[in-house]
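The structure appears below as structure tokens.
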Amino acid sequence: ATCDILSFQSQWVTPNHAGCALHCVIKGYKGGQCKITVCHCRR
């Protein structure tokens with residue numbers, strides 16, 4: 001859901017990726033990024 005809500009990208013900032021990364025960190029992962037509309041966490 002984090003990738004849908006803020007799903008815009010610009011040359012300087014991608015808030016959807018930041019939201020996804022934060023979501024993953026809260027869940028105990030190292031971070032994450034959006035791929036299309038799905039947030040993928042890094043282990």
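Yeah, the Cβs are placed from backbone N, Cα and C, and that goes for glycine too.
The feature disulfide bond is assigned by Swiss-Prot to Cys3-Cys34, Cys20-Cys39, Cys24-Cys41, with sequence analysis given as support.
Distribution of Swiss-Prot features across the structure.
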{"residue": "Cys3", "record": "disulfide bond", "CB count, 10 Å": "20"}
{"residue": "Cys20", "record": "disulfide bond", "CB count, 10 Å": "24"}
{"residue": "Cys24", "record": "disulfide bond", "CB count, 10 Å": "20"}
{"residue": "Cys34", "record": "disulfide bond", "CB count, 10 Å": "21"}
{"residue": "Cys39", "record": "disulfide bond", "CB count, 10 Å": "19"}
{"residue": "Cys41", "record": "disulfide bond", "CB count, 10 Å": "16"}
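Across the structure, Cys20 (disulfide bond) and Cys3 (disulfide bond) place their CA atoms 7 angstrom apart. Using a 10 Å Cα-Cα cut-off around Cys3 (disulfide bond), the disulfide-bonded residues Cys24, Cys39, Cys41 reduce to Cys39.
Recorded residues Cys24 (disulfide bond) and Cys39 (disulfide bond) have their alpha carbons 8 Å apart, per Cα-Cα distance.
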